[in-house]
Amino acid sequence: MFTDEYFMKMALREAESAFEKDEVPIGCVVVSNDRVIARSHNLTETLNDVTAHAEMQAITSAANFLGGKYLVNCTLYVTLEPCVMCSGALSWAQISKVVIGARDEQRGFINKNLSLHPKTEIVTGIMENECSSIVKEFFKSKR
Ligand SMILES: [Zn+2]
């Protein structure tokens, strides 16, 4: 069964890969017609690039897969609420739906009163505990 939890689990697996590389553990997948067309995780340390958030890479790779810049009929599953930069990129991509695991009250776009493309549906709180605890665990290990 292709549920939101099913794809969020795949995004979480990406976050785990980031954790193993000592990257802030955030992961995402892009799904089109029940098929994963892009998957990525945060690589800001590896690439030495502050824009290398999971979502930015997923947008580029999904667009390459589709052969068009707009992510029509695509859903992004991301373990942590996108930041302002990524929400801007998602808005440009006109993605159909964004499913968020954990909220990011400080750096997420929702509290900044930003919205995505008017047609973009937003769902929050899918596997929230798992998605937030991996980030907490990461920062605890840094102390
Ligand atoms: Zn971001």
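Each residue's number is its place along the chain shown, starting with 1.
Cβ from N, Cα, C; glycine included.
According to TrEMBL:
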- 2-112: domain 'CMP/dCMP-type deaminase' (DOMAIN)
- His53, Cys83, Cys86: Zn(2+) binding site (BINDING)
- Glu55: active site, proton donor (ACT_SITE)
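Look at Cys83 (Zn(2+) binding site): DSSP puts it in a strand.
According to its DSSP assignment, Glu55 (active site, proton donor) is helical.
Within 8 Å of the centroid defined by the CB atoms of His53, Cys83, Cys86, the record's Zn(2+) site, lie the Cβ atoms of Ala54, Glu55, Met56, Pro82, Val84, Met85, Ser87, Ala89, excluding the listed residues themselves. Taking every protein chain shown into account, Cys83, Cys86 are the binding-site residues, and of these the Cβ with the most other Cβ atoms within 10 Å belongs to Cys86.
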